[in-house]
């Protein structure tokens, strides 16, 4: 019997939905704008505009706008830069600043003198300093780097603090003078020109006329030294913005204290230094990880141990199953019948092993979402490992993940509906399954983000998602993800259903009582996949919550491959163990055997919050951390659970198709 044919109205609705997808995708291209990492060359004396990003802190994880502080503003007011979807979701708010450089011109300039500080401004400044907020400035897409010495070790930071507190007087001081150092590399265009080569086509030759060659300077480094300097506001107010002022020596001047009715003068210096660093290598200073040998050795050691243990378990398991099959197939039919009555184990559940599980629709939905998340993670990490997602393009990683998730809805709908057809025996209710796949995981994520967004709105943080972005996300969800998932589900109804190799009995077989609950073994199985993940998980969480760059995606891709292998092996082994004790309810257990790694990830997240994020202050920050951790844990559970379930399903199908039992 062939697959059922969908009504013509369903086909027309899918075609109409796809047409809407095309129109909407074209109208939303601006939301996916990716800032390029193209090389910029500047001639001598060219204007260089410094931009500012949101103020950030590892204590609160609440970003705030730069101009929420009493800082100087550009003469024509700040202008927001075009940001992509990933930047907006991460809370970035990049704006123009009053800092202006001229290529290869060392200067010491005056910016402005603030009005007398009122009580509210003093309170905000002191609060931001106590919460260790950092000011993030950007030049030619490079964040400013700051170096500090602690116990003889040089530590690299991005950005500079709002201020500091003196140890003796307990006064708060503001950073009001910046010493910038711009590293530049002199660039000269070789000036190739196209020449004719007769019948052989076109060729290239170097330009001989030097006047036609283009030359300039590339920005290959950006460093800052923050200072607090007390200046006479009455004297400095006579200057206009960008007037030349005397330079200062940081640490040798009187510092600017924060108190009511105090006027603060802001100045800056800039110096240009020629460097041998070339433009393609300018991010190396940011991406170089301290303790790289320990990082690499730990990961390699973990991979070797987990691979060795999983290999031993899998080899023993293969030998056991092969021996059972060989022994069974060597008997004649009469002996097989007698053996079936005498033996116990997985051979006795042949009439129940493919009995429909409890809540089959929920299982199909979770498997479909797991396929979508796994595909998104694998492709994203692979592209990042190959260098297609440079840190120079802010928000590109998150934007790429969202795009991949949207278009992988086809695979999610296809797998979920095909599994539904396999379990139910027909396609009835496939639309409900496809709709549930499209709404289950995104719905939970959207609910958590909405709750967190109300908290961010209440805190007046730039991390809050604007209403316009909410509508964009909803449009992407219902006008792209949902139609593509329905299309995948429709394709699943047209594909050939998976046929069970054995028939299912009408009366279910009683499962023998066990000394210990089977779920205890299932939850314990997650420790092995967690062993492959936890070291890399530490570095990933540090990059997210401690504002560190993470760019060892090659190792992450290797860890992902090993995680997939271990999840598959663990789930298959536990499925076989359950079948050997005549427990035919393996469907959900195979899912959670590998999916239980999410429980250990969540426990590790709590451990990281308590011991590694001790500086995190306030219940708001803790709620934000736990909310985002729940999203990560849910995604890991769906992904690893799907890997284990699909592997176990095809193993059970292969195992019982190898045994001819009537």
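Along the chain as shown, the residues are counted starting at 1.
Including glycine, each Cβ sits where the backbone N, Cα and C put it.
Per TrEMBL, the stretch carrying the note transmembrane segment among 296-318, 319-341 is 296-318. Within the set 469-490, 491-512, the record from TrEMBL flags 469-490 under the feature transmembrane segment.
Outside the transmembrane segment (437-457), and at least 6 residues removed from its termini, the chain residues within Cβ reach (under 8 Å) are 62, 364-366, 368-369, 372-373, 409, 412-413, 416, 463-465, 473, 477, 481-482, 485-486, 489, 620, 623-624, 627-628, 630-631, 634-635, 638.
Among the stretches 395-417, 551-579, 591-611, 623-656, the one making the largest number of Cβ pairs under 8 Å with the transmembrane segment (519-545) is 591-611. Away from its own ends, the transmembrane segment (591-611) comes close to residues 363, 366-367, 519, 522-527, 529-530, 533-534, 537-538, 541, 545, 567-568, 570-571, 574-575, 622, 625-626, 629-630, 632-634, 636-638, 640-645, 648 of its chain (Cβ-Cβ under 8 Å, at least six residues beyond either end).
Within the chain carrying the transmembrane segment (395-417), a Cβ under 8 angstroms from the stretch's Cβ atoms is held by residues 32, 34-35, 83-90, 92, 364-365, 367-369, 371-373, 375-377, 379-380, 383-384, 389, 427, 430, 433-434, 437-438, 476, 480-482, 484-493, 495, all 6 or more beyond its ends.
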